[in-house]
Every structure is written in C-alpha cells, then in structure tokens.
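Beneath this line is the structure, given in structure tokens, with notes to follow.
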Amino acid sequence: MVKNIVLVGFMAVGKTTLGKLLADQLDYNFIDLDLFIEKKESMSISEIFRLKGEAYFRQKESEALDLLSDVEQSVIATGGGTVISEENRSKLKQIGRVIYLEAEPSWILTNIKRSAVIRPLLVDERKSMDKIIEILENRRLYYEGTSEIKIPVSHRTLEEIIKDIVCNI
C-alpha cells in the first residue's frame, strides 16, 4: 500500500471532501493542510491572509509540510496554492503519491458559489471567473509536474472519482 496520498488541485475541486471519503475507504487518517495550519495559528486562513499576508501563510504552509513529513497511512488535502513553491512541490512528492484533481473553471466557480468557505484570493465575485482562469493557468504546470496521477473531477460523482483514484494508486 502507498505510504500517503496527497491531493492537489485548485480551490473548491473537492480535495477535502474526496480526501475524507478516500481515507475512510482505505482506512487511512485524513489531514487537511489548511485546517492543520488554522489550528497551529489559532485563526482562519482568511484571517491569516488579511492580518499577516499571503507570504506569511505560504511560510506556515511550508512549515506544516515539514511537520507532516513523517506521517504514514494518511490522505492529505493540500491548499490550492501549496504547489506554488518549488520547495513545497519537492516536499509533497516525498510525503506520498501526489494526485492532481483537475477541474474545469466553470465547475470550480459553481462549487465556490455553493461553498460557505471564504476564498481569500477571490474576494471580488464579478471578477471571479477571470481570476480562476488566470490562477489556474499559472498553477496548471505545477499541479501536473508535482503529481503522478491526474484525475478529472468535473461533472462526476464522488463515487466515480473515488473509484478512479483507487484504481490508479
């Protein structure tokens, strides 16, 4: 069995939801990197961005990956921007098998609108689709270059996606 499974992909593609389901199916632990950071910092990701800035958050994200380097039998859901840092990309590959959950921009926007989660990088809703496309284009090569497996998630059921992941690990 794989030491760990690391889920990467854009915000709102289902990393947390799918990660929990996958962990249950594999009898693995589940770790949400953003929640891990929120507990360590005693504030939400939105508050960290607002009060301390993105650079501070990215540093805490990198430190969190260091702390998770020894975990085993875990599914780890990363933040959408974790792959921005070359150092983080290297750490993710060392932690476990990296799976890229790929989604279409329109599907991402639909999920964001349905979600109660505040997305710090998408505060202006009128510009959201353009911003999603821009950020996704900037990160796509990082997602693809870091991952061993790419799983399309748009317009698919959770069950279909989980089955696809399990068949590919």
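Including glycine, each Cβ sits where the backbone N, Cα and C put it.
D34 is the residue from D32, D34, D70, D164 that Swiss-Prot records in the substrate site together with R58, G80, R139. With all protein chains in the displayed structure included, the most crowded Cβ environment within 10 Å among the binding-site residues T16, T17 is that of T16. Relative to K15 (ATP binding site), the binding-site residues with Cα atoms inside 10 Å are G80, the candidates having been D34, R58, G80, R139. A gap of 9 Å separates the Cα atoms of G80 (substrate binding site) and V13 (ATP binding site).
Comparing C-alpha positions, R139 (substrate binding site) sits nearest to A12 among the binding-site residues A12, G14, T16, T17, R156. Neighbour density around each Cβ, counted as other Cβ atoms within 10 Å, peaks among the binding-site residues K15, R58, R139, R156 at K15. With D34 (substrate binding site) as the anchor, the candidate binding-site residues are A12, V13, G14, T16, and the one with the nearest CA is T16.
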